[in-house]
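K.L.:
Straight out of Swiss-Prot:
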{"type": "BINDING", "residues": "ASP486, ASP492", "note": "Mg(2+) binding site"}
{"type": "COMPBIAS", "residues": "654-665", "note": "compositional bias 'Basic and acidic residues'"}
{"type": "COMPBIAS", "residues": "666-675", "note": "compositional bias 'Basic residues'"}
{"type": "DOMAIN", "residues": "553-612", "note": "domain 'KH'"}
{"type": "DOMAIN", "residues": "622-715", "note": "domain 'S1 motif'"}
{"type": "REGION", "residues": "650-683", "note": "region 'Disordered'"}
Amino acid sequence: MRKILKLKVGREDLILETGLLAKQANGAVLATYGGSTVLATVCCSDSARENLDFVPLSVEYNEKYYAAGKIPGGFIKREGKPKDKEVLVSRLIDRPMRPLFDKRFGREIQVVPTTLSTDQMNPPDIVGMNAAFAAVFLSDIPFNGPIAAVRIAYLNSEFIVNPSFDEIQDSILDIVVAGSLDGITMVEGGANEVSEEVLLAAIDQAYEYIKQICNLQKEFILIVGEREKLPLAYEERVFEFKAELKDFIYSELKDACFVKGKLNRDKAIKLVKQKAYEHFSSVSQVDEENETLFYKALDDFEQEIVRRSILENNLRTDGRNPTQIRDIVAEVDLLRRTHGSALFTRGETQALAVTTLGTSIDEQIMDDIDGDKRLNFMLHYNFPPFSVGETGRLMTGRREIGHGHLAQRSLEAMLPKKDDFPYTIRVVSEILESNGSSSMATVCSGSMSLMAAGVPVKEQVAGIAMGLVSEGDKYVILSDILGEEDHLGDMDFKVAGTKNGITGFQMDIKISNVTKQLMKDALAQARIGRMHILSIMDSVISRSRDDISVNAPKIIQLQIDIDKISLVIGSTGKTVKAITDEFEVRVQIEQDGRITLFGTDSLKMQKAKARIESIVREPKIGEIYEGVVKKINSFGAFIELTPTKEGFLSNRPKSRDDRYGDMRHSRYGSGRHSRYGRDSRNTFAMRPPRLEEGQMVKVRISDIDKFGKIELELVRD
């Protein structure tokens, strides 16, 4: 039966509906906010796998073009593989939801939020998040919900709940917060150098609405009726010889956990575990049935050792204290032919960033249901398997897209406006080594490579990943976490920014009791770390170079009247093509009359600019041109001053000082002129130049009549 509930969230009602659509799914909710509607469904497989150490969850957010009344562009007129935006929204939904599923359920779970309608004002991603969370909570799949999500913008010193696209564009803060009734579980967003206090206040504002939406879902359960949950595939089991295993292995495992160097440490831990396996197999205490439980017990011991060392001794596996940052080495200009390059190495994490400058033709065109967009800044993050000493396929996965997006948002606010720097900018980050925080290393190397390329960025940007180990009311915040600290810890909080404020952030929390004070402490510690990293980066390069790379394309801009655009283009593009071919430049003409020239030869570009200026310039009496003789007749010659203007050079004298004969005949003149250069009026005829079609001559505008016809006279050198 159809059930509907609504709640005022910001300026619109959030409407949740179930019982009408997709009734064969385990759970289905239709969510509407303003004119944006998303249907979210959740299904699970019939069979389960035992002893999984992960949740087999997949989230497939997708947007239908018909939602905006559009047909897909290109040759294929149906939706294809997921766009980057759909991947990013899928990750937004996945991350806060995944820790709330019980691993013992064992079945594959698929959540599919589908945008069915959009008003192109209210972003459908937040609608899709709440639809997905509600669908799972109402389903028969075991889930420790409810959870909800809210977006906050900060505009004119005021917080806006679930802002419109325009408000997000104008805001200095765009933050998405997800959480449960117990606390915040995820934060992600970008900003324009906001303070830690503003960020915390935005999270507080979001959490008030999150609690209301969670209570709305609980009310929904009361109306619809709580469904009996599907059974767990297995009960939590532990290795029955865990005590003996601990006595046998704990001391050696503890020593292995503190071996210096990631690869050496991993190898040492692996050898200790292998030794334990061989011993317990020999006494028939490990077999196929309990092998998974055996290795899980070893992992539990490792986690216990690492966490206890941090909580009790403030000692991390690589020997650092909680606030200490790994050694940093940075340099620029490694690659000679690129437009800008930088290498940032922090401990065993290394990112090589390369900046390339292109023209407006290189912009990425986005065919999107929210409206077509042109992106003139892109950051692509690559994580090859060799960065962690492994083999594998070289491909771009969801993780790469997500990490690249976070780094891009962190740098974007510091870039110049397109009108001030009309280049297309592409930054590629190659992760060459990885042991935690590679996305923040990308921010650091990307910022330096932009400066090295001569992009006038406002400020240097650095990033740091923060971690957390907690037990009860006690917690220790970690600066610059390792990969294992991310895996074994309770939080991954990435913060990027300048010396003035925060520009990008992403937080995932595995525990439910994260307090405001804890987040405040984490942000304060992150700021100290960020300042330290910025000081090292500034010692290498502290400001953008005055000039762009000699290898980058040059740009010249000029403005013409709108009604002169057709003159520059010419009939069927003839004029602009001639300029392009002759001067080896690209010409970009905007509808507002702004013309941009792209090329590599500065001299040719200046000549192309002069040609365009001459085309659109209004002729004035007395101006001198170097024109081409286009046609000669008995009265004179037609001279092409510009591709769009011609003047007439007459051979008939206007006074006694005008002494030119018929230009088509001999250099001594003809007709009434005598052989000796004197005519019947006793005027002197100089030897005029012989003019031929195609010849270049220097002329001066002597007169312009009321019809715009131009009369010329020769200019003698």
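Yeah, the Cβs are placed from backbone N, Cα and C, and that goes for glycine too.
Values in this document were obtained by computation on a predicted structure and should not be read as measured data.
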K.L.:
Let me know the DSSP-derived helix, strand or coil state of ASP486 (Mg(2+) binding site), please.
P.N.:
helix
K.L.:
Please compare the binding-site residues ASP486, ASP492 by how many other CB atoms fall within 10 Å of each one's CB, and tell me which has the fewest.
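P.N.:
Across ASP486, ASP492, these binding-site residues, the one with fewest Cβ atoms within 10 Å is ASP486.
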K.L.:
How does the model score the domain 'KH' (553-612) in terms of mean pLDDT?
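P.N.:
Here the predicted model's pLDDT, averaged over the domain 'KH' (553-612), is 91.
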